[in-house]
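Structure first, then comments.
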Amino acid sequence: MKLWDVVAVCLVLLHTASAFPLPAGKRPPEAPAEDRSLGRRRAPFALSSDSNMPEDYPDQFDDVMDFIQATIKRLKRSPDKQMAVLPRRERNRQAAAANPENSRGKGRRGQRGKNRGCVLTAIHLNVTDLGLGYETKEELIFRYCSGSCDAAETTYDKILKNLSRNRRLVSDKVGQACCRPIAFDDDLSFLDDNLVYHILRKHSAKRCGCI
């Protein structure tokens, strides 16, 4: 808890304790019927005299004051210990924020060392950039397959690779698993700069796999 939160809680407790009714043993006895008229006239003086008597407050007031003092003392000692109570994830996050260069370096090394496998990658291009001879301002999202298929190798693929390495299959060319599209996007329709209508089929990958 922050200091202001604790102070607010203490003020609420103090207000609650001051609002408690007086104990039964400390309530003033009721005046007889004939003296009520006189009691009404003396009421302002009685209230002023009672307000100056701290012994009429309930015993909980002293407990609340002790609690407030103990809480303030604890807060003065606690800032140095708050770091030890934080979870490990929070401490690591604070350390990374203090040393951004170190955290970036570790993240880059981790990405380089991790094998992504065969994944689908997207890039924003103009249809003219595809190199198919179209002159147009039409744009598209081109998706292609990239990555390694080493993790998808079967025992058959390993045997063929070993036989090729040992030159046991010299006369035959053995193909390896490649990361290629196994499904394609919908056809793309567009007009070129000469207002000629064209349709591109199987132009962009939709799903990838090792084949």
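Positions of Cβ are set from backbone N, Cα and C atoms, glycine also.
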| Do you know which of C178, C179 Swiss-Prot records in a disulfide with C118? | C179
| message | Just confirming the record: what cysteine out of C10, C208, C210 does Swiss-Prot connect to C145 via a disulfide? | response | C208
| task | Could you identify, going by Swiss-Prot, the member of C10, C210 that forms a disulphide bond with C149? | result | C210
| query | At the Cα level, what's the spacing in Å between N126 (N-linked glycosylation site) and C179 (disulfide bond), rounded? | reply | 24
| field | Under 8 Å by Cβ from C118 (disulfide bond), same chain, sequence gap 6 or more | value | C145, S146, G147, S148, C149, A152, C179, C208, G209, C210
